[in-house]
Amino acid sequence: MGNNMATYNKYKSFLFFIRKFKVTEPVSPQDLEEAFSKFTGGGSHMSADELHRFLVEHQGEEDYTLLDSEKVVEKVLKERKRCQESVKVDQNREHEITLDELFRFLLHDDSNGPLKAEVHHDMGAPLSHYFIYTGHNSYLTGNQLSSDCSEEPIIKALKRGVRVIELDLWPTYNKHDIKVDHGWTLTNPASVIKCLESIKEYGFVASQYPVIITIEDHLTTDLRAKFAEMATQIFGEMLFYPGTDCSCLTEFPSPESLKNRVIISTKPPKERFKSNRIKDNPMLNESDSSEEETWGNESPDSNKNEVETEDTNGSDRDEGNVSACECDHKPYQECSPDYKHIITIHNTKLKGCMKDKLKTDGEVRRLSWSEKTLEKASESHGTDILRFTQKNILRVYPSAMRVKSSNFKPHIGWMYGAQMVACNMQGLGKSLWLMQGMFRANGGCGYVKKPQFLMEKHQCDNEFDPTRIQSVKKKTLKVKVYMGHGWSSDFSPTHFDKCSPPDFYTKVRIVGMPADVAKKKTKVMMDDWFPVWDEEFEFSLIVPELALLLIQVKDKDPGKDDFAGQTCLPVSELKHGFRSVPLYNKKGEKFKSVKLLMRFQFE
């Protein structure tokens with residue numbers, strides 16, 4: 001059993017009365033006591049060999065060696081010495097650990113987290129085989145209409161492992177230089193050089209795998225050439241492009257082959273065009289300025305189920321397309337070949353009906369759709385979308401109506417194989433937590449291999465509907481929430497309640513395919529900084545590959561419950577056994593001390 005040292009919190013109440021609340025440090029749960037007894041043969045101490053068997057057989061740490069277990073014991077013993085425990089230890093047991101010491105190790109140690117810290121997916125497949133951590137309007141500090149543009153959000157995103165950075169490039173007022181700005185809004189521009197230099201400096205701090213820059217291009221021909229020169233000078237050998245004729249690229253390179261490289265994605269500019277085709281306002285020229293598919297102007301023999309796309313205001317409508325300033329009153333202009341040839345991933349849309357737009361023959365390419373466009377297209381073209389994303393790249397971005405930088409549920413893109421589900425990293429909320437949770441997988445490298453069922457071939461008459469997927473073998477996930485700790489260290493005594501300790505409870509949710517969605521919650525532990533719930537929940541899963549475990553802790557209040565921490569974990573990557581689960585704030589920043597002790601089991 002662990003130490004049970006009781007202290008007291010004092011809170012002022014009405015009429016100056018002082019209320020005392022007993023504070024009891026948590027002790028090891030009964031399940032851990034039973035496991036300890038099993039692996040020690042009923043003994044009071046655990047040797048390095050017994051610990052090794054416990055870690056391998058109970059915790060599923062198959063890669064642990066006896067030497068690793070000896071290092072854990074050594075680490076625990078150093079902590080014992082540092083704490084100068086007064087408890088005398090038998091000399092014959094001085095190289096073994098107690099139940100209480102094992103409990104504290106499992107509860108506190110970062111090495112006992114719920115996920116693998118290393119990259120472990122196959123990274124040798126084409127880029128189209130991966131979900132990629134993608135940002136939307138990566139330069140914005142706040143809302144989509146009036147916030148500042150800066151390199152700082154780009155730096156933050158890269159430090160968190162984001163791999164796709166979006167830049168909107170516009171001419172400055174005198175048209176002699178380039179700025180990064182959210183066009184047709186009140187946002188303040190940022191320096192393109194600072195943005196590129198920030199990508200170079202911080203691009204590979206969190207991950208070695210490639211950084212993709214998606215460009216919304218509103219530049220003149222001369223400024224495109226200037227940008228190409230900037231990019232090549234700043235990135236040097238870091239900038240990857242496949243050569244002078246990248247139009248023949250029939251398969252994307254792999255993340256493994258692009259380690260520590262930067263690649264650019266946008267729509268290649270037209271070689272020649274007539275100026276009288278360009279109107280003064282690019283928003284009026286639907287065929288040239290809209291990045292989304294203009295499906296409302298189909299030919300009479302087009303599919304009747306085609307969908308109209310939404311209007312956009314500024315963002316994403318013109319990624320790589322011709323803009324009004326490019327005309328410059330000249331009958332013809334030639335595009336800089338240097339700019340065209342540094343583009344590795346072409347954002348290209350085809351004309352015709354929906355099936356034609358999603359053709360997969362020939363060179364690989366990228367499409368960019370809004371969340372609403374994908375929702376409408378998926379109603380009748382699910383198989384075509386899936387087939388497209390098996391070889392090509394689909395980027396899905398938030399609706400233009402999300403002016404406060406909120407986000408949509410990313411599963412609407414992932415379930416159809418969309419690789420770049422773009423997220424406003426400054427937009428707080430559950431959708432952002434889900435995005436962060438998905439990309440905690442695979443060592444947090446920003447690339448997650450798509451599940452096999454999204455890569456299987458489907459015949460035209462076999463319409464793909466991800467909401468009706470039937471697994472041959474369902475999985476049952478058992479989640480046990482034992483206890484939590486750390487709030488008393490990271491928060492003031494009156495942060496949650498003025499007159500008493502907090503009343504914590506935990507919400508556990510599965511987010512994924514519709515059939516897998518489920519919600520559970522623990523009882524409320526009243527007036528306790530160290531809540532012990534000791535409750536287990538079961539979740540039956542059809543598609544665990546896309547399931548996320550969303551965990552929230554809240555303080556129960558008469559009105560709105562107070563937020564006390566959250567985390568989101570990819571179900572398919574959960575490690576078995578007793579796990580120390582760190583919690584994060586609303587922005588996704590890890591608390592210094594707050595953790596839960598949980599257990600995960602699959603059946």
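Note: Cβ is positioned from N, Cα and C throughout, glycine not excepted.
Record features (TrEMBL):
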type	residues	note
COMPBIAS	271-280	compositional bias 'Basic and acidic residues'
REGION	271-321	region 'Disordered'
DOMAIN	368-454	domain 'PI-PLC Y-box'
DOMAIN	458-585	domain 'C2'
Residue distribution over DSSP helix, strand and coil in the domain 'C2' (458-585): 16 helix, 59 strand, 53 coil
Per-residue pLDDT averaged over the domain 'PI-PLC Y-box' (368-454), given as an integer: 95
Secondary structure composition of the domain 'PI-PLC Y-box' (368-454) [DSSP: H/G/I, E/B, coil]: 40 helix, 15 strand, 32 coil
